[in-house]
Amino acid sequence: MADLKSTFLDVYSVLKSDLLQDPSFEFTHESRQWLERMLDYNVRGGKLNRGLSVVDSYKLLKQGQDLTEKETFLSCALGWCIEWLQAYFLVLDDIMDNSVTRRGQPCWFRKPKVGMIAINDGILLRNHIHRILKKHFREMPYYVDLVDLFNEVEFQTACGQMIDLITTFDGEKDLSKYSLQIHRRIVEYKTAYYSFYLPVACALLMAGENLENHTDVKTVLVDMGIYFQVQDDYLDCFADPETLGKIGTDIEDFKCSWLVVKALERCSEEQTKILYENYGKAEPSNVAKVKALYKELDLEGAFMEYEKESYEKLTKLIEAHQSKAIQAVLKSFLAKIYKRQK
């Protein structure tokens, strides 16, 4: 794994160098420095799970055959395209949410001299994906499918973000709009497609597969993405911020979180009143009341039960798949996220 990570980081250096020398733009020393700093901070700064999982998935689809140097480079490059996509989403997401930290560091727009320039940086990150795809995949038989895939997933994610933002619109804080169904829709589109389906879809295309023949794989991965986001919602409230690498703000931000939806299902009339009065307010005393209510309603227990049921359901779906190679890909994904702490 350490070896794969160092190979993966070497490919990042190649891709970054390509972009810093892009012939379509005359860079000044200052603009090249800005771009390099922005890329290192936002693209390279994450856990790299999504990107690395393209390489892992492709290896598993090759069923133990060693990858050629070219296959290794291309699978890493596709992994980095997903990391670029993630960086683009997060840079803009943090501005929209007015977040403070990301990955244990100040959000990019909070850095001195960055501010709203971060919006243009987000646009650049989005454009880089297609420059990488064009440079390294243009001659591949699956190039058009790759471009379509990235466009489709970006569109789905932006629509998920839209539902999230309009559901949690600041001027209309109405908890009655929140339900498990709305939560699922937001998560499916905003997180599951790009975080879970996209890495495996990239590996399948590289392996010469037609994605239309793998809708069952998409279904399992979307379900896995929903489980992952429910974990995220749980950790936002119950995990230690040091371990998590960020300060959870779902309560303050009036997020349509799995916890608040479950709380609404379990609340008495009196408890509902407490939730309505305190949810979505930034004062520490309001946040503390919501957290105390979550404890009272035993949402930790509800989450443990949900986690167990999800794991069993996903395992059953995976084991029903006819391809052992695809089973291995899906099992490796599930193993990475089951009972995670951050």
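Backbone N, Cα and C atoms are what each Cβ position is placed from, and that goes for glycine too.
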- Task: Pick the one from Arg32, Arg102, Arg103 that Swiss-Prot also lists for the isopentenyl diphosphate site with Lys47, Arg50, Gln86.
- Result: Arg103
- State the Cα to Cα distance, in Å, between Lys190 (dimethylallyl diphosphate binding site) and Asp93 (Mg(2+) 1 binding site), rounded to an integer. 11
- Task: Among Lys47, Arg50, Gln86, Arg103, the annotated isopentenyl diphosphate contacts, find the widest CA pair distance and round it to a whole Å.
- Result: 15
